[in-house]
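What TrEMBL records for this protein:
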ACT_SITE  CYS326  active site, cysteine persulfide intermediate
BINDING   GLY71, THR72, ASN151, GLN179, SER199, SER200, HIS201, THR237  pyridoxal 5'-phosphate binding site
BINDING   CYS326  [2Fe-2S] cluster binding site
DOMAIN    4-367  domain 'Aminotransferase class V'
MOD_RES   LYS202  N6-(pyridoxal phosphate)lysine
Amino acid sequence: MRRIYLDHSATTPVDLEVATLMMTYYTEKYGNPSSVHGFGREAKQALEEARRQVAELIGATPQEIVFTSGGTEADNLAILGTAEAMRKKGKHLITSAIEHHAVLETFEYLEKNGFELTVIPVDAEGIVSVEDVRKAVRPDTILISVMHANNEVGAIQPIVEIGNLAKELGITFHVDAVQSLGKIPINVKEMNIDLLTVSSHKIYGPKGVGALYIRKGVRIVPLAHGGSQEKRRRSGTENTPGIIGFGKACELIGKRMAEDSKLQTKLRDRLMNGIVERIEYVKVNGPIGEKRLSNNVNVSIRFVEGESLLLSLDMLGIAASSGSACTSGSLDPSHVLLAMGLVHEIAHGSLRFSLGRQNTEEEIDYVLEQLPKIVERLRMMSPLYDQVIHANQAQ
Ligand SMILES: *Cc1c(COP(=O)(O)O)cnc(C)c1O
């Protein structure tokens, strides 16, 4: 059976060049970077090269990069670390309603433990308003956290404007850039970002590796204690093969970003327009054009369940997702779609396709050929759809 992978926002395949490089650091150059002997120095040198590669992709200096076990840990380190470091200055935190769970739930944890939280709403396209952020600020606000691009609907946020505001007010600004890294150019200096989360496995690197950029001079309290790695900001022996793979993946995606984005935008629009043309009662979720990630398609297909669509697609070897990968398996509709004002019933029938480097036009056309048939079959079993058809016929 053919297999078509359209779930790159959940994870990506590891680039062969990355995997090959990593192998060397598992089997030959396996020293502990903290060791003083040759094996250790060799690993340390490669680790520092990776730090330079990550820093370069986001316009930071290598000393500002702290490696973590992924985006989730980097988000936690940024938020918990700032809250702990700044608690004497204030206890008010600001975030948006469409953040990844790694951000939202970390803030909710702090809210249960004595902090106060303002969650900024979004508009119907899933975009935060800078004015809403400004209005939420209080004298005791210590942290603003807004993601760069949303993982479910691809909405790109006004990070430059929010960064300017945070700088003007002297408030620490955290950005989860896991989805935008390698798709939109990022420069933490120009964007006035203090803390930036990135993850390796969304950019053709290995899973279980990420980083937090911490602007020079910004103080955070570490999550773990006991080792002095990463300048005491992240204790524990470094995942050297993973980090080295992440560094390489950053270098490669930096070179390919413009070309990849151009190709994926074409495929994205072909898929999105094709779905709208071929299927009735479809709503595109998220912005159209410039404000949307180059690889994201998200649609609500009425009178069907997202989960049923996914299973039917999977039987044909087509991998997509409903909402975000982390919430599938639960029956709650996506918090992002609800924040955008979708009613439960419509949010339930939503489907996300996220494109990647290896996808082809031919694959998109196969999906466009199969999806309408699946929808038609599922709708035949839907009592709601039956009522709509009869109502239309009666008119
Ligand atoms: C995937 C993702 C994360 C989590 O990163 P992991 O490396 O999987 O822990 C965080 N934020 C966003 C926006 C993501 O898409």
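Using the three backbone atoms N, Cα and C, a Cβ is placed for every residue, glycine included.
Keep in mind the model is a prediction, meaning the values are calculated, not measured.
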Listed binding-site residues adjacent to ligand 1, that is, members of THR72, ASN151, GLN179, SER200 whose C-beta is under 6 A away: THR72, ASN151, GLN179
DSSP state at HIS201 (pyridoxal 5'-phosphate binding site), helix/strand/coil: coil
Where the record names GLY71, THR72, ASN151, GLN179, SER199, SER200, HIS201, THR237 as binding pyridoxal 5'-phosphate, the maximum Cα to Cα distance in Å: 30
SER200 (pyridoxal 5'-phosphate binding site): tally of other CB atoms within 10 A of its CB: 32
Candidate with sparsest Cβ neighbourhood (10 Å radius) among HIS201, LYS202, the listed recorded positions: HIS201
Distance from LYS202 (N6-(pyridoxal phosphate)lysine) back to THR237 (pyridoxal 5'-phosphate binding site), taken between C-alpha atoms, in Å: 23
